[in-house]
Amino acid sequence: MIKIIDGKKISAEIKEEMKIEIEELTKGGKRAPGLAVIIVGENPASKVYVNSKVKTCSALGIYSEKYNLDSEITEAELLKLIEELNNKEEIDGILVQLPLPKHIDEDKIIEAIKPNKDVDGFHPINLGKLVIGKNGFKSCTPYGIMELLKRYELDLNGKDVVIVGRSNIVGKPLAVMLTNENATVTLCHSKTKNLSEKTLNADIVIVAIGREKFLTEDMVKEGSIVIDVGINRNSLGKLCGDVDFENVSKKTSLITPVPGGVGPMTIAMLMKNTVKSRMEKI
Ligand code: GUN
């Protein structure tokens, strides 16, 4: 039988825990945590993610504001909105959905968000804090993966972990988080030589590159653990990850499905960061 890591179930548990935490927090008339979500343009995937984030806020008792901005908005106008939200009392977290249109400099936008409201954990200050092991906001997807591993009580001490994909959002911060938990991490990417050699030796393989069926069964060791971060659509329009699940799962001791693996954890951790931000102001 295939043993899966059930991100849907774990994220539901985390959200239940948070609901209680937020009820406690707002007792006696204290204001709820607040999240501002900004989306620029009409990217269909971004719309789905943003709507899901706003819906989850409302289910947990988190106040939210959604800003649907025209794709033609200038960088200066977007920076002005961020500045307003930086100074707005009811807002604890600001999230600008990526990608942004080409005429807007993403780095500049991320750096304009106050680090103590950067619930995405993308600001250089928060990334820097992560590297030196200080308490900041952790990027939601890698944070969600770490939480999954923790809740399945998987010991990372001395484990060989191979990550495929070196993005600033997933691969790089995840490599740091795993290193901080005493794993031995190999961070692979498009220029890596003999990738299979590396993945075949790994106790845990994590794939985040955005290519359907990239990780095949000949690339993984019997009994290993596979985490699939990909969200792709196949030729039939069906949602699928970066792993050839059907065949790879015959060899793994544990594997995340897509959908229902890492995806739901990302939103749960965003909510967790928003609550943390509110708590830090009390
Ligand atoms: N685009 C893809 N993933 C993310 C994410 O986690 N946060 C934001 N803001 N944009 C994204």
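Each Cβ is built from the backbone N, Cα and C atoms, and glycine gets one as well.
Curation plays no part in TrEMBL annotations; they are all automatic predictions.
What TrEMBL lists as NADP(+) binding site is Gly165, Arg166, Ser167, Ile231. Close to Arg166 (NADP(+) binding site) in the fold, though at least 6 residues off in sequence, lie Lys172, Leu187, Cys188, His189, each with a CB less than 8 Å from its CB.
Mean pLDDT across the domain 'Tetrahydrofolate dehydrogenase/cyclohydrolase catalytic' (5-120) comes to 97 in this model. The feature domain 'Tetrahydrofolate dehydrogenase/cyclohydrolase catalytic' is assigned by TrEMBL to 5-120.
The domain 'Tetrahydrofolate dehydrogenase/cyclohydrolase NAD(P)-binding' annotation in TrEMBL covers 139-278.
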Can you count the other CB atoms that lie within 10 A of the CB of Ser167 (NADP(+) binding site)?
17
Could you put numbers on the helix, strand and coil content of the domain 'Tetrahydrofolate dehydrogenase/cyclohydrolase catalytic' (5-120), residue by residue per DSSP?
62 helix, 18 strand, 36 coil
Could you list the residues of the same chain, at least six apart in sequence, whose Cβ is under 8 A from the Cβ of Ile231 (NADP(+) binding site)?
Ala45, Gly210, Leu239, Gly241, Val258, Pro259, Gly263
Please work out the helix, strand and coil residue numbers for the domain 'Tetrahydrofolate dehydrogenase/cyclohydrolase NAD(P)-binding' (139-278) from the DSSP assignment.
52 helix, 26 strand, 62 coil
